[in-house]
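Asks: Below are the features listed in TrEMBL for this protein:
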type     : residues : note
DOMAIN   : 80-146   : domain 'Anoctamin dimerisation'
DOMAIN   : 149-718  : domain 'Anoctamin transmembrane'
TRANSMEM : 157-186  : transmembrane segment
TRANSMEM : 236-255  : transmembrane segment
TRANSMEM : 302-327  : transmembrane segment
TRANSMEM : 347-374  : transmembrane segment
TRANSMEM : 394-413  : transmembrane segment
TRANSMEM : 523-552  : transmembrane segment
TRANSMEM : 573-597  : transmembrane segment
TRANSMEM : 680-705  : transmembrane segment
Amino acid sequence: QNEERWDFVLVSDIHEMGSEKEIKRKKFLDELNKKGFTIKKIEDTKLFYGVRAPQHIFWKYQCFLANTNSRQQNSSASQDIPVTTRIRVVHFILQNTVTSDLEKLHDLMKKKVFEAAFPLHKNEEIRQILKKKWARWRVIFKEQPIEEIRCYFGEKVALYFAWLGWYTYLLIFAALAGVATVAAGATVFSSSQVSKEICDANDTIMCPLCDQNCSFWVLSDTCTYAKVTHMIDNEATVVFAMFMAIWATVFLELWKRERATVATDWDLYGWDEEEEELALHLINNSQHEPQLYQHSYFRSTIVLILALLMIMVLIGIAHALVIYRAVAMALFMQSEVSLLSKHADTIAVMTGAVLHYLTIVIMTKVNWHVALFLCNLEKPRTFSQRENNFTVKIFIFQFFTNFSSLIYIAFFLGRINGHPGHYVRIAGHWRLEECHPSGCITDLFIQMAVIMVLKQTISNIMEYLVPWISHQLRKKQKSPRKRSMMLGEEEEAEDPCKRQWLNNYELNEVNVFSLFNEYLEIVIQYSFTTIFVAAFPLAPLLALINNVIEIHMDAIKMMRLRRRMVPRKAKDIGIWLQVLEAIGILAVIGNGLVIAITSDFIPVQVYKYMYSPCTRENHTSMDCSTGYINNSLSVFHIHDFEPHTKVFPEFNGVQIKKCRYRDYRNADDYTYTVQFWHIFAARLAFLILFEHVALCVKLVAAWYIPDVPQKVKNLILKEKHSNLQNELSMTEYSTEV
């Protein structure tokens, strides 16, 4: 049994004898032989080479990394090496073995000398446990077997699932709060004074929404939208936004505690990645010289300039979407089809959101290549440094790809489009779109809902279907060839390894970014769940449903559809923690801005306390927001329309002389009223107050919850103490002798 334990399998095409590829392959395998590796060759439609490392390599590894007091002798040590460590060490040596032509495995794979190199999924007991307890849909609400995941896939993958599980668990509270917010809106909004006034405004004539073929319209047409808007835009939302800012902090603080406990349980607290890498280099080549740290300001400047250019491109794409919506709105309005012309604004927003989703899909691929190119420019020293640099770049690019359009809708839409008689136009022709008549937050709500639903459903279906289909196709292509049997010829016994190696080869390949992709997907989702959550309180609920499915989909992919990942050691989730902390701060700013600028919360409050009937006389029985709608609409005289605007001055048989529009402007010269500046000042004051309070609460929460649990601190303290005691007794003993 022990004889057939292979650490890695290399796959190559069958090359002609004496060809360049065949010579290169032989040189590489000879280098492995020199290092004492055992190599087994099996021929099928491809050449398979099983590789097993000599035992002394692992003894060296243990000697390097074991604590001085727990050094064990040869034979017993060999038993204690986990499979994950074996695979990791062998993978490192394979990747860093240099042939006489100064080529590594990476270069040989580029030149198609080898096609694949992977560790094997073996029929170990632990694999059966994982298949039964984890990689199936039946156990969707059970706790994950993190310890088993660690023993099979290594610490890095186990930490990802521990973090994802923890995030999903805490999402339950955020989802409940979000549902409660919407429920409060749904029960309160029907009796809301503002939406009641909109529904009763049968005689409030509004200005046309476009230049040609658009008639005047009555405000009460938007009654349903007003009710829906009030479901999201009410006092409960402010409390919810505050709650989410605190939730984001508490989530990270509690995760730090969880991680500290896990790292201690796994004996990783004092583990050092750099030391591990140096040890592996020395095991591979005792003459190895460490690569020194370098920093070039010139390189950093170039990378910074190129990154800024890329961000400009991404913002440019958001502008293109704005232009699309403005042009689409004008074209739909002029359409002969009544359905299009009647719901032009909603259709423009919906198609804009779908287009935005498509740009996200396409730009993700582009961002990937750009971030890799910038990473190569920087020439990072180690793999982990390269991974960190890449993470920061790709996250920033993805953030702008996903959010620049939302930022425009939240903070600029309807604020930079001028007013009737003096509209801001694209290329002097198309009017910039306005907010939805019932308020700007509706547009943001639609955009968020479309993107989150599309992103999660389509991405998840693709994420599962693509590997599944490609696995089925590979199975069909790579079924082993059968020789035709001659009469009386005995069938030769098939090598037991052959079937296992073929089965592993038929699975989808994994690369260093396989886990990275999973992280990125969840972190972008976390941004959606926290940053504009005030406009879409159901985001945490959607994220929760998605994550419950995601955990088991990832498990099934890793166990059944993909080759085994090379296990990697890690004691935390790395730079992702800093990314999540940055998102937490952005969430405070984002939600503060949404409530201060996008929603009608501030204008209503200003009206209540400064302009409503309540301020003039003491009406206890009266709702103080009475008359708000009439107060928030300005008057426009029809004779001031621009010359090329075609309007029909008749509406329902009545001659129209003036119409209303959403803004605070004087009726004679269309300058801003005093009330506009009052609201502007109130918005700023609220924003500053909200952000300072929220950030203070975040800081207090971070201080209140210690990063490392007491139990862990005490454990480490006792360990240090006993180590020093042992050293002391050793020195006393040696001096006595």
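Just so it is clear, glycine is given a Cβ too, placed from its N, Cα and C backbone atoms.
What's the neighbourhood like for each of these?
Replies: Residue counts for the domain 'Anoctamin dimerisation' (80-146) under DSSP, helix first, then strand, then coil, are 33 helix, 3 strand, 31 coil.
Same-chain residues lying 6 or more positions outside the transmembrane segment (347-374) and placing a CB less than 8 Å from one of its CB atoms are 303, 306-307, 310, 314, 317, 321, 324-325, 328-329, 332, 340, 389-390, 393-394, 397-398, 401-402, 405, 433, 436, 443, 446-447, 450-451, 454-455, 458.
Sequence-distant contacts of the transmembrane segment (523-552) (same chain, at least 6 residues past either end, Cβ-Cβ under 8 Å): 134-137, 139-141, 144, 161, 164-165, 167-168, 171-172, 174-175, 177-179, 181-182, 232, 237-238, 240-241, 244, 247-248, 395, 398-399, 402-403, 406, 410, 441, 444-445, 448-449, 451-453, 455-456, 460, 576, 579-580, 583-584, 586-587, 590-591, 594-595, 598-599.
Beyond the ends of the transmembrane segment (573-597), by six or more residues, the same chain brings 159-160, 163, 237-238, 241, 244-245, 248-249, 252, 255-256, 259, 384, 387-388, 391-392, 395, 410-411, 415, 441, 444, 519, 523, 526-527, 530-535, 683-684, 686-687, 690-691, 694-695, 698 to within a C-beta distance below 8 angstroms of the stretch.
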Asks: Which residues of the chain, 6 or more past the ends of the transmembrane segment (236-255), have a CB below 8 A from one of its CBs?
Replies: 163, 166-167, 170, 173-174, 177-178, 180-181, 184-185, 188, 530, 533-534, 537, 540, 577, 580-581, 583-584, 587-588, 591-592, 594-595, 599, 601, 690, 693-694, 697-698, 701-702, 705, 707
Asks: So which residues does the transmembrane segment (157-186) touch in its own chain, when a touch means Cβ under 8 Å and the partner is 6 or more beyond its ends?
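Replies: Contacts with the transmembrane segment (157-186): 143-144, 146-147, 149-150, 230-234, 236-237, 239-240, 243-244, 247, 250-251, 254-255, 258-259, 262, 515, 518-519, 522, 526, 529, 533, 537-541, 543-544, 547-548, 550-551, 554-555, 558, 565, 567-568, 570, 572-573.
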Asks: What mean pLDDT score does the domain 'Anoctamin dimerisation' (80-146) have in the model?
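Replies: Within the domain 'Anoctamin dimerisation' (80-146), the model's average pLDDT equals 87.
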